[in-house]
C-alpha cells in the first residue's frame with residue numbers, strides 16, 4: 001500500500017501506522033507458508049509449498065540443498081515448527097530450524113538435525129551464539145523416530161533465558177548470565193530460518209560416513225510454523241504481538257521459565273538422552289569450563 005499524503009503530525013502518523021500494522025499481524029491467518037516465509041535457496045523446485053500453504057518441503061540433491069526464512073524479524077518470542085525428517089539413510093545431511101540475526105557479531109539459536117546411517121538415530125544438535133561466538137553445544141538422541149510422524153520443535157526466547165522444547169518437553173535451558181560477563185542474545189532482532197543441506201565433512205560420525213547420493217533427492221517436511229513474539233518492522237519499535245494458532249493473545253513466553261514438572265522433565269531428558277554437553281568437555285576447555293557452566297543449569 002502506497003501512502004501519497006498524510007495530513008496529521010509525525011507522532012500521530014507513527015502511532016496510527018503502528019496500530020494498523022499490529023492489527024494486520026494479529027488478524028492474518030497463522031501457519032500459512034505463503035504468507036509467512038520466503039524461499040532463500042533451492043527455488044528451482046527443491047522448495048515446494050503444498051496443501052494450501054500448510055506444508056513446505058525442502059529437498060537436497062548432489063547439486064543443491066534448499067531453505068527458507070521468515071518474512072518478519074522478531075525480538076523475543078515463542079517459535080514453533082513441526083518437522084518430519086528425511087527417512088532411511090540420511091547420513092551427511094543436516095536439517096535445520098533456527099533463529100539468527102545478520103552481520104558481524106550475529107546472534108543465533110539453533111536446532112540442527114544431523115543425519116544418520118540406516119538404523120542409527122538422528123543427532124539433535126543445539127547451540128547458542130551471542131555477538132558472533134557460539135561453542136555452547138548440547139546434543140541429544142531423540143526418544144522417538146523423527147522420520148515417521150511430525151513432531152513439534154520450539155524455541156522460547158526472552159530476556160532471561162532460552163528454552164528448547166520437543167513436543168513441549170523442555171530439553172535445554174540457556175540462562176542469561178550477563179551478570180558474570182557472559183554475552184546473551186537480547187539486542188539483535190532475528191528471523192527464523194530452515195534448511196536442508198549437505199555437510200558430510202562433519203555431520204555423521206565426524207564426517208566418516210558420507211552422503212550416499214543414490215538415495216537422493218532427500219526430502220524433509222515442515223508444517224505449522226507458529227510465532228508469538230515481538231515483530232520488528234523497519235522504522236517502528238519492536239513490540240507488536242504476532243499471530244499464534246494455539247494462544248492468540250498469550251504472552252507467557254515473555255517470562256517463561258520451568259516449574260517443578262518442567263524441571264523433572266528436563267532432568268529425565270538430559271539423563272537419558274543427552275549425548276554431549278560442552279560443560280562436561282574438560283579436554284576442550286583446559287583452562288577451565290566456561291563461567292556459565294558453574295551456575296545452576298535451570
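For all residues, glycine too, the Cβ spot is worked out from N, Cα and C.
Automatic prediction, not curation, is the source of TrEMBL annotations.
Pulled from TrEMBL:
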SIGNAL    1-29  signal peptide
DOMAIN    27-222  domain 'GH16'
ACT_SITE  108  active site, nucleophile
ACT_SITE  112  active site, proton donor
CARBOHYD  116  N-linked glycosylation site
Checklist line | residue 116 (N-linked glycosylation site), number of other Cβ atoms within 10 Å | finding: 24
Check: What average pLDDT does the predicted model assign to the domain 'GH16' (27-222)?
Finding: 95
Check: Which ones in the same chain are close to the residue listed as 'active site, proton donor', with CB under 8 Å and 6+ residues apart in sequence?
Finding: 94, 95, 96, 98, 124, 125, 126, 127
Note to self: Applying a 10 Å Cβ distance cut-off over all chains shown, what neighbour count does the residue listed as 'active site, nucleophile' have?
What the structure shows: 18
Check: From the Cα of residue 108 (active site, nucleophile) across to the Cα of residue 116 (N-linked glycosylation site), what is the distance in angstrom?
Finding: 24
